[in-house]
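TrEMBL has this to say about the protein:
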- 1-26: signal peptide (SIGNAL)
- 279-301: transmembrane segment (TRANSMEM)
- 343-369: transmembrane segment (TRANSMEM)
- 375-394: transmembrane segment (TRANSMEM)
- 415-436: transmembrane segment (TRANSMEM)
- 448-471: transmembrane segment (TRANSMEM)
- 492-525: transmembrane segment (TRANSMEM)
- 531-559: transmembrane segment (TRANSMEM)
- 571-590: transmembrane segment (TRANSMEM)
- 602-635: transmembrane segment (TRANSMEM)
Amino acid sequence: MAISPAAATALAVALAALCLAAPAAGFYLPGVAPNDFEKKDPLQVKVNKLTSIKTQLPYSYYSLPFCKPDTIVDSAENLGEVLRGDRIENSPYTFEMREPQMCQIVCKISVGEKEAKVLKEKIEDEYRVNMILDNLPLVVPIQRMDQEGAYFYQHGFHVGAKGQYAGSKDEKSFIHNHLSFTVKYHRDAQRDVSRIVAFEVKPYSVKHEYEGQWNDKKTRLTTCDPHAKRIITSSDSPQEVEVGKDIIFTYDVDFKESDIKWASRWDTYLLMTDDQIHWFSIVNSLMIVLFLSGMVAMIMLRTLYRDISKYNQLETQEEAQEETGWKLVHGDVFRPPSNSDWLCVYVGTGVQFFGMLLVTMVFAVLGFLSPSNRGGLMTAMLLLWVFMGLLAGYSSSRLYKLFKGAEWKNIALRTAFTFPGSVFAIFFFLNALIWGQKSSGAVPFTTMFALVLLWFGISVPLVFVGSFLGFKKPAIEDPVKTNKIPRQIPEQAWYMNPIFSILIGGILPFGAVFIELFFILTSIWLHQFYYIFGFLFLVFLILIVTCAEISIVLCYFQLCSEDYLWWWRSYLTSGSSAIYLFLYATFYFFTKLEITKFVSAVLYFGYMLIASYAFFALTGTIGFYACFLFTRLIYSSVKIE
């Protein structure tokens, strides 16, 4: 399991060349067939959930008093979309391809007390409206301050804004009731058809006025008039949210030809402006790996080679009695640990996670997880987790048989229920909180039933099948015999204290991933795209190597101190990086997020607790298997009388 510095460097360079040539820049396979539109073809805008980075509670678009179509139609959603809180519905906004429209009236609504209250709340919490056209999300282009002519794209537009009238100190709520859409298209001159490549908006707050009687969409507005070429370019006279006042919703739509081809239309959304930070992250992580690889190489090549040669040359009884170091505990090193059943369960869970993440990342790096398939990543991970139950059952029962266990069904049952059961309990509690807030993020009963069906109908049986297959195989033979009477462990130095060494061991694996972790947290909680799977895959490989090497180094020091209780310690050493992950998530909450509501804070820490628990199982299992292979390797290399 040990990797020399040269091998680690070669591995990293090869993977960097392989993974980062395209995927790091946002490589993906489109995943859906393009739609060709002729001139005047109808374009139907769909609306999605309202989102806020301040509350993290999504709401359906029509929970606010917006204009509604004659009949509201829900779009079919996959499992991942439902879990994300997506609620995609039709809208009254309809365009005709390459037919610009100016100042089109959508509807007029009267604001009562209830409507004013809910609008003001959503404006206060900085909620954004999300729309979709031809499977592309609506974005607001915002000029970058550091680069001239460069833009970054904000998901959706804000429901409204807080502001003050000139000469007044009272803060009022203003609604964005005029939307200036821009649809960019790529035209095929030969066939005279177009494909949509961008969907942008500039929102304005305008207190509309009109002449004569209100006549729905035929009313002639004085604030913007297509006949007089009077267009809206600012929010100088904004529309305040007031009880008893009317709000008129309007829109413009402009069509612009673009050189961007349909296959590259997501590039603007996925544009990575901070790739230097990611490279810094990779270099930082590689330095940690090289340092650890050097230590492991030194142990394997110098210390162990010298130790094994010395032990194998011992001839006299006197010399044998003067043995010191790791060989001295050969009769106890493979003694089953206390609570060995639970170790088997957690190792099986870690293997399940490892398999799920590895397959997901390989598919993501190859470009199969297209961003146009909303919820695809979450659906894929859920299904992979369920099917990896086979590996979980197999690995836990193989280890259980090594420990001379006989009740394989008991281990299979615990493996199938321990981690998913505790996560489901937390998830159910958080879902009840979301339900209490009447948020669209609450998972419906039917979806909850589908999740339970996946768990009990597929995952649990597969764990039992895996356990049966693993237990049927012959037990793994220990390289040395175990003494009947346990050896007394001598008093240890302070730095070999289990708690101290375990906490120290978790720092380096966390250090290898924490920069990438920042971008992952930002994509989840600040609603930004994360599509740099090339970098993530490389960081994942570095995490594997780091967890393995830190566990081997500390395991060797522990055995040299004649402490043979390495089974649980090897798991906890690298697994303790989950503590640092949760501490970093807490730091991120207080420094980067503006969450003020108690329910939102509980949601954040609940989900981060689940993530940390999963990270513990993953990293702990990597560290355990590294030590498992390391101890078998060194004890099979020496002659035991």
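Placement of Cβ uses the backbone N, Cα and C atoms for every residue, glycine included.
Because TrEMBL annotations are produced automatically, they should be read as predictions rather than curated entries.
Counted over residue pairs 6 or more apart, the CB atoms of the transmembrane segment (448-471) and the transmembrane segment (375-394) come under 8 Å in at least three pairs, which marks the two as touching. Of the two recorded stretches, the transmembrane segment (279-301) does not lie close to the transmembrane segment (375-394), with fewer than three CB pairs under 8 Å once pairs fewer than 6 apart in sequence are set aside. Contact counts against the transmembrane segment (531-559), taken as Cβ pairs under 8 Å, peak for 602-635 among the stretches 343-369, 375-394, 415-436, 571-590, 602-635. Outside the transmembrane segment (375-394), and at least 6 residues removed from its termini, the chain residues within Cβ reach (under 8 Å) are 31, 77-84, 86, 348-349, 351-353, 355-356, 359-360, 363-364, 369, 412, 415-416, 451, 454-455, 458-460, 462-470.
Within the same chain, residues 1-2, 56-57, 304, 308, 326, 330, 333-334, 343, 346-347, 349-351, 353-354, 357, 419, 422-423, 426-427, 429-430, 433-434, 478-480, 505-506, 509, 525, 543-544, 547-552, 555-556, 559, 566-567, 570-579, 581-582, 585-586, 589, 593, 595 sit at least 6 positions outside the transmembrane segment (602-635) and bring their C-beta atoms closer than 8 Å to a C-beta of that stretch.
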